[in-house]
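Annotated in Swiss-Prot:
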- 188-209: DNA-binding region (DNA_BIND)
- 235-258: DNA-binding region (DNA_BIND)
- 171-268: domain 'HTH araC/xylS-type' (DOMAIN)
Amino acid sequence: MEYKHILSSNQISLKTFYIENPMIAIVYGAKGEICINGQTITVTTNLTLIIPKYSQVSCDVTNFFPTKPIELHTLVLSETELQSVFSLLKPLIKSGAPITRHLPDYHLSTPEVVKTNFTLLQQCLPLEHGTPSQETLFMQQSLFFILLAVYHEGVDILNIFRFNYDEPKNQAITHLITQDPQRKWHLEDVAKTLYTTPSTLRRHLSKEGVSFCQLLLDVRMPIALNYLTFSNYSVFQISHRCGFGSNAYFCDAFKRKYGMTPSQFRTQSRQANDPNAIATMASQNDESIKKVF
């Protein structure tokens, strides 16, 4: 579990990238749009975001107040820590049950309890005389109250974090590819991993409106955007790490999708964003990149 406090004096404009670990974040002093898994969110000053693992995220926000920076607090979670907190929340969630629908809402206006707990994290971390395990316990306690407050605002956190819910096949495949994008994935390999047949899997994907080849490309491209934005790998290295058969094919597919070459995108992205904010985000994404790649 890791807490970060990020200030950006400039806009934050990022093409679609992957969040490998579950995350809760609050945004202050921003306006614009954030997109999580295809759901477009209009940002108006104070917002709490609930982001499940392997989510696709993009954003284009600017300062709401001309003289004040955009302020972002993030709490990145591990699956083990999240399950530990959910085990404590489960009895309370069952007894309260304010949820009337099971569609994922990835955002809400920041409740006072959430704001208070993130303020405590900012003020107290790192603990002056604390051990890493004590810091983790402190963050878990804050997470408990944050999730409970979000739930009582009517957000189905069980659904968002995919506890006890079946996921569409395209999402299951997305998770597989994201964990090993460099692998030369074939429909037969994926079907075997998901304990089904290629024909059945192809039929499921057809019902969900996507082909396997297109899904493969749609998953690998945001991973490439991650590398172009947050790393210094060459375009050739990125094409290899993302599983493209050749650098030429990667560059051609990238230009067809985004209307510019990978090198042009990297230059544009770095010119458009606050370098300090990008550097902080890059350090936060570094561990996730190492785990996945």
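Yeah, the Cβs are placed from backbone N, Cα and C, and that goes for glycine too.
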Spatial neighbours of the DNA-binding region (188-209) far in sequence, C-beta under 8 Å, 6+ residues away: 168-170, 172-173, 176, 215
The domain 'HTH araC/xylS-type' (171-268), counted residue by residue under DSSP: helix, strand, coil: 71 helix, 0 strand, 27 coil
